[in-house]
Amino acid sequence: MKNELEKVMAGRDMTENEMNMLANSIIQGELSDVQIASFLVALKMKGESASELTGLARALQKAAISIPTNLTNAMDNCGTGGDRSFSFNISTTAAFVLAAGGVNMAKHGNRSITSKSGSADVLEALGINLYLPAEKLAQVFDKVGLVFLFAQNLHPAMKYFTPVRRQLEIPTIMNLTGPLINPIPLDTQLLGTSRPDLLELTANVLKGLGRKRALVITGEGGMDEATPFGLNHYALLENGEVTLHKFRAADVGMSEVALNDIRGGEAPENAEILKNVLENCSSAFLETTVLNAGLGFYANGKVDSIKSGIELAREVIAQGAALEKLHELQAEQIG
């Protein structure tokens, strides 16, 4: 590791192969927590490259437990986290809307690292079993068109990174890598990042990892979700090309809400918020979910504009289909 660390500290990027080999050394338990921490901090100070992200993602995905699903055209909408906005679980709530709208959602996530409630925490509060074996998860996905994939349970290699990440308490390359390593092969993806400087880079990494279409979003203030306030920036991967865009709520037919109005709490509180949204209760939480689900429909290619995606999201919720999708998952991802 010494040579790689010196290279990074000198401001030079590691190749994909170098990163892949170093990641495999970590996965095999050959490096100490201190060595892993120094490596993560050095990468953060230098700035992560596409080759480093790709090499790490390939190593971690290869080490993941495979999900033997029969479904194709899978999508995920998880974000990097680390924005410290303390919002409710936006992408998790939106996942039910997307699944109800006909998108095969392989929702990948974890417990909270820097927030009060991660996707795993809120879904566990809703009665979802985080620890089903891979074969059962595949059955749930095939039947419901939605499954929650608990990263901690499906990425045994993460046990070497998690304690270090908790102690560092800062976003690292691991936040950027998490959304890239879904155990189910993805065709499309909506990926939220708290790093607007990495929008184009992340979209190109997704292209290299085989995504057919993807959208990488950073909201106002570095939120890793689309925000119905301020300016949103995104990179769109479409037809093999990456383009950069921006929009405000008014540009997609929405009124602005305040950040304070979408703050969440601990898992039980966020679970109630999620249910209220799917029950179509008018609120800033609903508007934020509609925006992000609409963006997801657009990222998936199901609609030809963000505005059309928002309209579809409103329709799906109003018809009760999103709430029914929650009930379906609660009935199947149990035991």
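Keep in mind that glycine also has a Cβ here, set from the backbone N, Cα and C atoms.
According to Swiss-Prot, the features are:
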type	residues	note
BINDING	Gly79, Asn110	anthranilate 1 binding site
BINDING	Gly79, 82-83, Ser87, 89-92, 107-115, Ser119	5-phospho-alpha-D-ribose 1-diphosphate binding site
BINDING	Ser91, Glu225	Mg(2+) 1 binding site
BINDING	Arg165	anthranilate 2 binding site
BINDING	Asp224, Glu225	Mg(2+) 2 binding site
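Features recorded in Swiss-Prot, as mapped to the structure shown.
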| residue | record | CB count, 10 Å |
| --- | --- | --- |
| Gly79 | anthranilate 1 binding site | 27 |
| Ser87 | 5-phospho-alpha-D-ribose 1-diphosphate binding site | 24 |
| Ser91 | 5-phospho-alpha-D-ribose 1-diphosphate binding site | 26 |
| His108 | 5-phospho-alpha-D-ribose 1-diphosphate binding site | 27 |
| Asn110 | anthranilate 1 binding site | 21 |
| Arg111 | 5-phospho-alpha-D-ribose 1-diphosphate binding site | 18 |
| Arg165 | anthranilate 2 binding site | 20 |
| Asp224 | Mg(2+) 2 binding site | 26 |
| Glu225 | Mg(2+) 1 binding site | 30 |
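Proximity note: of the listed binding-site residues (His108, Arg111, Arg165), none has a CA within 10 Å of the CA of Asp224 (Mg(2+) 2 binding site). Of the recorded residues, Arg111 (5-phospho-alpha-D-ribose 1-diphosphate binding site) and Glu225 (Mg(2+) 1 binding site) place their C-alpha atoms 17 Å from one another.
The distance from the Cα of Arg165 (anthranilate 2 binding site) to the Cα of Ser87 (5-phospho-alpha-D-ribose 1-diphosphate binding site) comes to 21 Å.
Between the CA atoms of Ser87 (5-phospho-alpha-D-ribose 1-diphosphate binding site) and Asn110 (anthranilate 1 binding site) there is a gap of 16 Å, rounded to the nearest whole number.
Within 10 Å of Ser91 (5-phospho-alpha-D-ribose 1-diphosphate binding site), as judged by C-alpha distances, the binding-site residues found are Gly79, Glu225; the full candidate list was Gly79, Asn110, Glu225.
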